[in-house]
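According to Swiss-Prot, the features are:
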- 1-56: region 'Disordered' (REGION)
- 46-56: compositional bias 'Pro residues' (COMPBIAS)
- 93-268: region 'Disordered' (REGION)
- 133-164: compositional bias 'Polar residues' (COMPBIAS)
- 178-187: compositional bias 'Polar residues' (COMPBIAS)
- 222-285: domain 'bZIP' (DOMAIN)
- 224-243: region 'Basic motif' (REGION)
- 249-262: compositional bias 'Polar residues' (COMPBIAS)
- 250-285: region 'Leucine-zipper' (REGION)
Amino acid sequence: MGTSEDKMPFKTTKPTSSAQEVPPTPYPDWQNSMQAYYGGGGTPNPFFPSPVGSPSPHPYMWGAQHHMMPPYGTPVPYPAMYPPGAVYAHPSMPMPPNSGPTNKEPAKDQASGKKSKGNSKKKAEGGDKALSGSGNDGASHSDESVTAGSSDENDENANQQEQGSIRKPSFGQMLADASSQSTTGEIQGSVPMKPVAPGTNLNIGMDLWSSQAGVPVKDERELKRQKRKQSNRESARRSRLRKQAECEQLQQRVESLSNENQSLRDELQRLSSECDKLKSENNSIQDELQRVLGAEAVANLEQNAAGSKDGEGTN
């Protein structure tokens, strides 16, 4: 038994590190420079190398802006920092179902089960061969090493095939996932959305003041404009009515004057006709006097009539 135990080969186990070694910082003089920047008593923000994600922003980046007065502007929120390597989904596009971890767990369980079975079989074979005689020690050890190597290779091949099948899903599975996602309409997975910061505007406070005081000013100007238009319309209407009244008065005066002129013409025509009649009568009377009294008597009468007219004019 002693010789068989001494001749049995044993596998050297690799020492496993309990904790992952943290790589050194890329800037060894970081602490001194940050103390000089922040002051002797200040402690800088934690900084980790690229393999380790940090939820806090880098110390050399500015934080949120200080609060300012509302009339001059509002503080713009600084967007949150996310760990590197994350996938940000578009708001209008759904994300595929995150079925990777669920499928990997059964594969790991199967691989661990197979490895445990292979180890138990190897331990049983090793015990049986140790109990057998020392004559078959060399052959048993060689067979055991061959079987152990083949079992390890088979396990590794099986694990690689399972991982390949998990990493490369079939076309049917992809169609099924797409159809289930389109029917349910729910986005699976906890991928954070990138927040959209509001657009900066330098006239925020001015807009607040102008929006509050601009409405009354606009209303007052509009009222003044309406009143001015109304007064202009009323003055134009009054002037139009006054001119219309003057035109009507002038028209009436023209009509009255034209009627009076026509009446005067008619009177003149009547008087002229009467004058003609009187002249004709006078001529007829003179002719009859000359025929009765003679021409000398008629001449004396004319002289007497002219002298009487002159005396009346002098008196």
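Along the chain as shown, the residues are counted starting at 1.
From the backbone N, Cα and C atoms, a Cβ is placed for every residue, glycine too.
Per DSSP, the secondary structure of the domain 'bZIP' (222-285) breaks down as 64 helix, 0 strand, 0 coil. Counting residues 6+ beyond its ends, the region 'Leucine-zipper' (250-285) has no Cβ neighbours under 8 Å in the same chain. The average pLDDT the prediction assigns to the region 'Leucine-zipper' (250-285) is 94.
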